Amino acid sequence: MRFRGLDLNLLVALDALMTERQLTAAARRINLSQPAMSAAIARLRNYFHDDLFVMQGRELILTPRAEALAPAVRDTLLHIQLSVIAWDPIKPAESDRRFRIILSDFMTLIFMEKVIKRIAREAPRVTFELLPLDDDPDELLRRGDVDFLILPDLLMPNIHPKAKLFDETLVCVGCPMNKQLEDRLSMEKFMSMGHVAAKFGRLMKPSVEQWLLLEHGFRRRIELVVPGFTLIPPLLVGTDRIATLPMRLVKHFEQTIPLKIVEHPLPPLHFPLAVQWPALHNTDPGNIWMREIMFDEASRMEASSETSAV
């Protein structure tokens, strides 16, 4: 199909090339042979009167013209896919849908593991790609490159729909042999002790406990930074360091790496965890189905926590 002389199929090829930045990967993404993709590049260059891509090693470097085209091409294809082409109703037992989800290692272990096990029973052909926390999740959501973002609500962008999953509480923990934890922690002592903290992404963004502590005007002495919450418990054992961790994570490790929970000198640090999805996926039957599974599993977790607290 052509529109003003442009074969619209070429936009699909152009988007794949701009996303993958590699000829072979782009061809594989849209099920073209490498010669066919090379031919598509030649036709694109002829239409736009620009090289569009310059090869450096194995990577395709976008020209300024291609960089300018990228957002418009992606948005056009997304709107066609999500607004013009009718959504197929999902049949879980037959679906081979792949869901891409950005979340922390903590949420993978505590929450997503339950969802994945349930999906394996109810929709065995559905697959997942779990991605580490990104420096710019808003852009990935806008482009529809990911299906879900699971984060503390306060760290989420506000321009996409979202919904609460469950509440979490942060607790102060350390090695049971740490003699500094024998008495109640004063704020002065808490701030003077060495801390282990998780930071995420290339920019090493602070995690939720850092945001909440900064909100109260406190800066800890962070002696060790790691790229995930699940790395922290073993690094506290045999040391005088402490950490502020989600209670569910501490409970998860209590059989293998028991940690001492001490009363936090700050007021209770509660926060809601939420799931967010691209606005363009709001009416996608597959996305709705997965959301409902997540909400159901989150409700079960909340109910289980309330029961164990009684």
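Just so it is clear, glycine is given a Cβ too, placed from its N, Cα and C backbone atoms.
As recorded in Swiss-Prot, the features of this protein are as follows:
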- 6-63: domain 'HTH lysR-type' (DOMAIN)
- 23-42: DNA-binding region (DNA_BIND)
Sort out the residues at least 6 away from either end of the DNA-binding region (23-42), same chain, that have Cβ-Cβ distances under 8 Å to it, and list them.
10, 12-14, 16-17, 52-53, 60
Composition by DSSP (helix, strand, coil) of residues within the DNA-binding region (23-42):
16 helix, 0 strand, 4 coil
